[in-house]
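In TrEMBL this protein carries:
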TRANSMEM  6-27  transmembrane segment
TRANSMEM  39-57  transmembrane segment
TRANSMEM  69-87  transmembrane segment
TRANSMEM  120-136  transmembrane segment
TRANSMEM  156-176  transmembrane segment
TRANSMEM  188-207  transmembrane segment
TRANSMEM  219-236  transmembrane segment
TRANSMEM  248-266  transmembrane segment
């Protein structure tokens, strides 16, 4: 394997494994309450929407034109809307009646938590898929940046590492809440980060020899559509249910603002010839 590819792989691992740091923050702080979970789900939804609309879709439209960028974006939405019809929705246990809740006292609250765990786990898996898809172009950027020089590659890897910590939180939090397993939360968050070195391998051996820049930008725009659909279809309803609409909406915009700032600082760390 070429030495430049090895250097880029090492740097992308630094950035990708920072999702593990986010998972550790979740594990060490303990499982949240339902309201806290809802607020953090709203924050994670804001991260995902910002990536979808302000990063992937925006770049696709700038690179291949407004019409083509939109067509690719909505192709991703339609594609995953069709796929979602074949994905079984998590079924919730029936809610106990008022008399049994009075008899059980605090056990009623525990039953409410248990009945939501499958749905929350499903949301965590969806988040992991979305974050993994987003990490592919970041791995590509690390590879292209390392070609400009080791200093550029290191700066970019550090910027991506800081950028990926909240993504690790977004993945690990619902998984830890649903499974009560520190290992499962850590494992899934870490695996989502491994998409970054995979992006290095893809760009090193497929781009630009067999994949045109226009198709690549279009595919990334489609990824934005997939992530937007997943967020609005799965994550946002959970945030509304657990935290209430007003509080969840505030958390969404806070997440969007945080990710927008993160993307800005990531972008200014890149050389002019390279763009995320």
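From the backbone N, Cα and C atoms, a Cβ is placed for every residue, glycine too.
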Dominant neighbour of the transmembrane segment (39-57) in 120-136, 156-176, 188-207, 219-236, by Cβ pairs under 8 Å: 219-236
The transmembrane segment (188-207) versus listed stretches 6-27, 69-87, 156-176, 219-236: most Cβ pairs under 8 Å: 6-27
Distant-in-sequence neighbours of the transmembrane segment (219-236), which means Cβ under 8 A and at least six residues beyond its ends: 41-42, 44-45, 48-49, 51-53, 55-57, 59-61, 64, 69, 72-81, 84, 122-123, 126-127, 129-130, 133-134, 136-137, 248, 252
For the transmembrane segment (69-87), distant same-chain residues with Cβ under 8 A (at least six beyond the ends): 57, 60-63, 217-219, 221-226, 228-230, 233
